[in-house]
Amino acid sequence: MATGGQQKENTLLHLFAGGCGGTVGAIFTCPLEVIKTRLQSSRLALRTVYYPQVHLGTISGAGMVRPTSVTPGLFQVLKSILEKEGPKSLFRGLGPNLVGVAPSRAVYFACYSKAKEQFNGIFVPNSNIVHIFSAGSAAFITNSLMNPIWMVKTRMQLEQKVRGSKQMNTLQCARYVYQTEGIRGFYRGLTASYAGISETIICFAIYESLKKYLKEAPLASSANGTEKNSTSFFGLMAAAALSKGCASCIAYPHEVIRTRLREEGTKYKSFVQTARLVFREEGYLAFYRGLFAQLIRQIPNTAIVLSTYELIVYLLEDRTQ
């Protein structure tokens with residue numbers, strides 16, 4: 001049985017490992033997050049494309065011109081940002097992201113580890129129900145604490161300025177939100193974040209199941225030394241990527257709703273009202289705008305975060321024992 005000192009040491013270890021993993025992942029995948037947020041926004045510029053309608057019965061063969069709006073894809077948005085705003089705009093929101101991601105991941109993993117200890121004493125140890133309740137509890141606490149920082153980050157990512165013009169920094173953006181919307185403005189999109197807990201639960205339930213399978217796999221048990229560590233590390237990366245990919249596809253619509261709720265001067269007021277309005281005005285496909293960018297960002301990001309976390313825990317636990 002762990003003593004009070006050992007439990008405190010374990011909590012600090014999970015805080016540190018989670019913070020390091022989150023920071024590394026945020027830096028590497030920031031440009032993709034900016035593109036994803038732009039794609040999710042209702043302010044995404046639509047290109048009007050004109051398709052000629054051909055009438056065979058006319059002498060000229062040409063008829064009316066029919067305008068059709070086309071939503072730009074990932075590469076069009078990337079090209080637009082580079083041409084109009086410059087490469088620095090691909091790192092918009094990195095400041096609040098770095099300020100928030102380390103404590104966010106640290107709080108999440110510490111809460112997750114602590115909750116798992118508690119739920120293991122109530123349910124069958126390390127069962128799926130333990131992972132589900134632990135992930136849900138950790139996500140709820142983390143979302144409640146960190147929403148103001150993510151709100152500022154989203155606003156900064158949505159700000160579009162031409163190349164060379166001055167953009168708001170993190171403190172200026174936070175001050176502007178407070179002056180125009182008050183304290184409540186920092187909690188816009190929180191209901192959508194709570195809905196997104198389902199994604200976290202799905203992700204960790206799949207991840208823990210895959211991790212358990214990898215530990216019991218014949219290849220893992222037959223390997224030894226460096227080979228075993230290498231196999232485990234890359235296995236965890238693959239498990240993290242797969243679990244996040246599945247979870248993102250299932251629960252993605254809440255991300256679009258959250259971005260809409262965080263837009264400045266928005267017509268979107270609540271989670272349900274936003275969902276109805278987006279569906280009525282843009283159709284169900286609008287709920288999946290930016291999914292491709294999300295997948296190619298989140299899958300490597302989650303793999304980096306979880307594998308860095310597991311690696312640091314493994315290395316430091318060995319040294320403290």
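Each Cβ is built from the backbone N, Cα and C atoms, and glycine gets one as well.
Computed from a predicted structure; not experimentally measured.
Taken from Swiss-Prot as is:
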REPEAT    9-118  repeat 'Solcar 1'
TRANSMEM  12-32  transmembrane segment
TRANSMEM  49-65  transmembrane segment
TRANSMEM  121-141  transmembrane segment
REPEAT    126-213  repeat 'Solcar 2'
TRANSMEM  190-210  transmembrane segment
REPEAT    231-315  repeat 'Solcar 3'
TRANSMEM  233-253  transmembrane segment
TRANSMEM  298-318  transmembrane segment
Could you give me the DSSP helix, strand and coil counts for the repeat 'Solcar 3' (231-315)? 73 helix, 0 strand, 12 coil
Per-state residue totals over the repeat 'Solcar 2' (126-213) - DSSP helix, strand, coil: 71 helix, 0 strand, 17 coil
